[in-house]
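Everything on this sheet refers to the single structure shown next.
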Amino acid sequence: MNHSNARKLTTLHGFILKRNLSSFHASLKRFSDKKFFNPNHEDGGVVVERLCRANRFGEAIDVLCGQKLLREAVQLLGRAKKPPASTYCNLIQVCSQTRALEEGKKVHEHIRTSGFVPGIVIWNRLLRMYAKCGSLVDARKVFDEMPNRDLCSWNVMVNGYAEVGLLEEARKLFDEMTEKDSYSWTAMVTGYVKKDQPEEALVLYSLMQRVPNSRPNIFTVSIAVAAAAAVKCIRRGKEIHGHIVRAGLDSDEVLWSSLMDMYGKCGCIDEARNIFDKIVEKDVVSWTSMIDRYFKSSRWREGFSLFSELVGSCERPNEYTFAGVLNACADLTTEELGKQVHGYMTRVGFDPYSFASSSLVDMYTKCGNIESAKHVVDGCPKPDLVSWTSLIGGCAQNGQPDEALKYFDLLLKSGTKPDHVTFVNVLSACTHAGLVEKGLEFFYSITEKHRLSHTSDHYTCLVDLLARSGRFEQLKSVISEMPMKPSKFLWASVLGGCSTYGNIDLAEEAAQELFKIEPENPVTYVTMANIYAAAGKWEEEGKMRKRMQEIGVTKRPGSSWTEIKRKRHVFIAADTSHPMYNQIVEFLRELRKKMKEEGYVPATSLVLHDVEDEQKEENLVYHSEKLAVAFAILSTEEGTAIKVFKNLRSCVDCHGAIKFISNITKRKITVRDSTRFHCFENGQCSCGDYW
């Protein structure tokens with residue numbers, strides 16, 4: 001502050017003290033900051049001083065309001081005997097803008113005690129101030145006290161109630177209104193959409209169409225489009241689209257984006273693309289929304305193609321675009337494309353470690369590249385909870401439980417608070433490693449140490465851990481003490497453990513619970529049939545398969561795929577359609593001879609008992625993951641690591657066979673089934689035969 005301004009401030013300070021305005025003293029410092037004394041308002045202090053000397057406090061207050069010095073302005077209001085209406089208007093306006101409820105109440109109280117009779121403008125400003133500050137009780141008191149109300153008064157109250165979700169109060173006032181404009185309707189329709197009542201919003205919008213002189217504006221139809229999208233009602237969406245065209249609002253590109261989103265959410269992807277193509281000035285939000293619609297509809301190729309168009313346009317992808325594309329790569333396990341996106345982000349100057357780390361970690365872990373996932377987290381200055389959690393889960397699924405627990409420890413040391421998903425992954429790591437006592441310790445720490453509540457997922461993980469370890473009595477005790485009803489996932493875990501240990505009685509109990517929850521899920525029937533077969537109970541096994549046939553349940557075929565030179569090759573069990581099928585089967589037969597020489601014994605116990613032993617062995621050759629592994633070996637150079645993905649859990653025979661294949665071919669073979677990654681190398685699997 002220069003010498004001239006300091007002198008002016010000193011003069012003003014002295015004047016205030018003489019006038020016994022000592023409450024100003026604590027606020028004087030604010031007059032000297034850059035908000036008040038700046039090149040455009042360097043004489044502000046002099047103006048306030050001069051006006052106060054002349055007892056023109058109302059005008060001084062106006063100056064302070066102009067400088068947004070609300071507290072000082074309200075303090076000075078006590079010196080003003082009869083400030084003009086404009087002064088009250090200015091004060092209330094600043095209170096509204098800054099959400100200053102306490103100052104607003106002081107201004108309102110001054111109006112009451114000063115004898116000033118407010119007009120409709122000031123009443124409405126008081127209403128709006130209380131509503132914007134979220135004090136609807138005070139707003140309603142003002143509304144009820146008003147001698148007269150205009151349309152604005154009603155609109156402010158209706159909108160205020162709707163904004164905070166008090167829809168019953170809002171609708172009651174709305175229905176009492178003798179006159180409504182587009183603002184009234186929009187406030188009510190918006191309130192219903194925000195409160196997740198899109199059906200009510202659409203009913204009200206339809207009613208609006210039938211009311212004379214109630215023409216919807218661009219905001220009304222935007223909200224109506226969002227409501228149609230929320231209920232996925234394409235008929236209503238198309239009706240609103242027609243209204244937009246008839247009302248001449250179809251030149252607004254924001255509306256086009258809303259329509260595109262509506263068509264996409266209703267599953268009309270081609271219509272959404274037509275709208276997208278009509279948008280002249282496409283922003284990154286439009287691009288990202290359309291790309292996301294393709295991915296959510298499993299139209300992957302078109303989604304990636306549109307992303308390529310975006311990259312070639314003058315518009316630049318943002319963090320949401322990259323996250324969506326990386327998530328698609330994760331879902332499809334297309335690591336090569338994911339790496340390209342990662343590289344592109346870096347080349348164009350985005351910092352992938354700052355905003356897309358969780359998507360990158362998820363992509364790399366789902367593709368089985370756990371080292372790259374670790375590199376992403378290790379490179380983050382401050383990884384977020386999602387990144388930590390994804391990596392912990394990835395380590396668990398990739399057969400690195402010790403690494404999973406190490407990163408959980410690092411998460412805690414970083415000051416990040418774990419959530420219930422984090423503990424699901426931590427418990428999963430213990431499950432995959434058979435760390436029962438450690439898992440129990442983590443389970444009880446959720447409530448005792450971290451002050452979180454146990455969820456159904458936590459109990460499912462604990463039961464899975466106990467089931468895989470054969471601790472069935474302890475498992476029963478946990479289930480009986482659960483505060484919630486056991487889920488289908490929990491009973492499936494019980495059934496899986498019973499399958500491993502041949503616990504038929506408990507398996508039948510779990511199966512009965514699953515039949516109640518999901519009577520058409522083939523996995524339960526197949527698992528029970530296999531349990532009976534393994535125990536030599538062929539009559540029960542036959543009854544189970546007959547039951548499947550009677551109710552029309554069919555086993556989902558196993559399918560496996562591998563990517564060679566950016567082309568995906570999919571194999572289904574016993575499918576002969578692949579052009580290299582004969583070569584693949586012959587190669588597997590040769591491998592089987594070598595495997596037997598090294599001690600391989602085919603696991604034929606689960607194959608139908610009325611088939612000859614030789615045919616049982618032959619049937620095992622045609623399992624989808626064996627076909628995919630053999631093809632990948634034949635299609636790559638010697639020593640190349642290969643990856644295969646499967647939609648179901650690996651069977652015992654395939655798991656054992658691939659261990660032998662990895663040793664014979666000297667290959668690192670990674671297989672991701674429905675539960676985890678299996679990394680086979682030198683005749684061993686990362687799961688330790690515990691899956």
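Each residue, glycine too, has its Cβ placed from N, Cα and C.
What Swiss-Prot lists as region 'Type E motif' is 490-565.
Annotation source Swiss-Prot lists region 'Type E(+) motif' at 566-596. For the region 'Type E(+) motif' (566-596), the residues of the chain that approach it from at least six positions outside its boundaries are 336, 557-560, 617, 619, 621-628, 630-631, 633-634, 657, 660-661, 664-665, judged by C-beta separation under 8 angstroms.
Helix first, then strand, then coil: DSSP counts for the region 'Type DYW motif' (597-691) stand at 39 helix, 16 strand, 40 coil. According to Swiss-Prot, the feature region 'Type DYW motif' maps to 597-691.
Counting residues of the repeat 'PPR 1' (84-118) by DSSP class, helix then strand then coil, yields 27 helix, 0 strand, 8 coil. Residues or ranges marked as repeat 'PPR 1' by Swiss-Prot: 84-118.
When Cβ-Cβ distances below 8 Å are used as the criterion, the repeat 'PPR 2' (119-149) is approached by residues 85, 88-89, 92-93, 95-96, 99-101, 104-105, 108, 111, 156-157, 159-161, 163-164, 166, 169 of the same chain, each at least six residues removed from its ends. Taken from Swiss-Prot, the feature repeat 'PPR 2' covers 119-149.
Within the same chain, residues 120, 123-124, 127-128, 130-132, 134, 136, 139-140, 143, 190-192, 194-195, 197, 211, 214-217, 219-220 sit at least 6 positions outside the repeat 'PPR 3' (150-184) and bring their C-beta atoms closer than 8 Å to a C-beta of that stretch. Taken from Swiss-Prot, the feature repeat 'PPR 3' covers 150-184.
Note: the repeat 'PPR 4' (185-211) comprises 23 helix, 0 strand, 4 coil (DSSP; helix = H, G, I, strand = E, B). Annotation comment: Swiss-Prot describes 185-211 as repeat 'PPR 4'.
Non-local neighbours of the repeat 'PPR 5' (217-251) in the same chain are 182, 185-186, 189-190, 192-193, 196, 198-199, 201-202, 205, 208-209, 258-259, 261-263, 265-268; each lies 6+ residues outside the stretch with a CB under 8 Å from one of its CB atoms. What Swiss-Prot records for 217-251 is repeat 'PPR 5'.
Look at Swiss-Prot and you will find 252-286 tagged as repeat 'PPR 6'. Distant neighbours of the repeat 'PPR 6' (252-286): 218, 221-222, 225-226, 228-230, 232-234, 237, 241, 244, 292-294, 296-297, 299, 310, 313, 315-318, 321; these residues of the same chain sit at least 6 beyond its ends, with a Cβ under 8 Å from one of its Cβ atoms.
Look at Swiss-Prot and you will find 287-317 tagged as repeat 'PPR 7'. Within the same chain, residues 257, 260-261, 264-265, 267, 269, 272-273, 276, 324-325, 327-328, 331-332, 337, 344, 348 sit at least 6 positions outside the repeat 'PPR 7' (287-317) and bring their C-beta atoms closer than 8 Å to a C-beta of that stretch.
The repeat 'PPR 8' feature in Swiss-Prot is assigned to 318-352. Break the repeat 'PPR 8' (318-352) down by DSSP state and the numbers are 28 helix, 0 strand, 7 coil.
Break the repeat 'PPR 9' (353-383) down by DSSP state and the numbers are 23 helix, 0 strand, 8 coil. According to Swiss-Prot, the repeat 'PPR 9' annotation covers 353-383.
Feature annotation from Swiss-Prot assigns repeat 'PPR 10' to 384-418. Applying DSSP to the repeat 'PPR 10' (384-418) sorts its residues as follows: 26 helix, 0 strand, 9 coil.
Below 8 angstroms of C-beta separation, residues 385, 388-389, 392-393, 395-397, 399, 401-402, 404-405, 408, 411, 455, 457-458, 461-462, 464-466, 468-469, 471, 676, 687-688, 690-691 of the same chain, each at least six residues beyond the ends of the repeat 'PPR 11' (419-449), sit close to that stretch. Positions annotated as repeat 'PPR 11' by Swiss-Prot: 419-449.
For the repeat 'PPR 12' (455-485), DSSP puts the residue distribution at 23 helix, 0 strand, 8 coil. Look at Swiss-Prot and you will find 455-485 tagged as repeat 'PPR 12'.
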Residue numbers, six or more beyond the limits of the repeat 'PPR 12' (455-485), whose CB comes under 8 Å of its CB atoms: 420, 423-424, 427-428, 430-431, 434, 436, 439-440, 443, 446, 493-494, 496-498, 500-501, 503, 506, 690
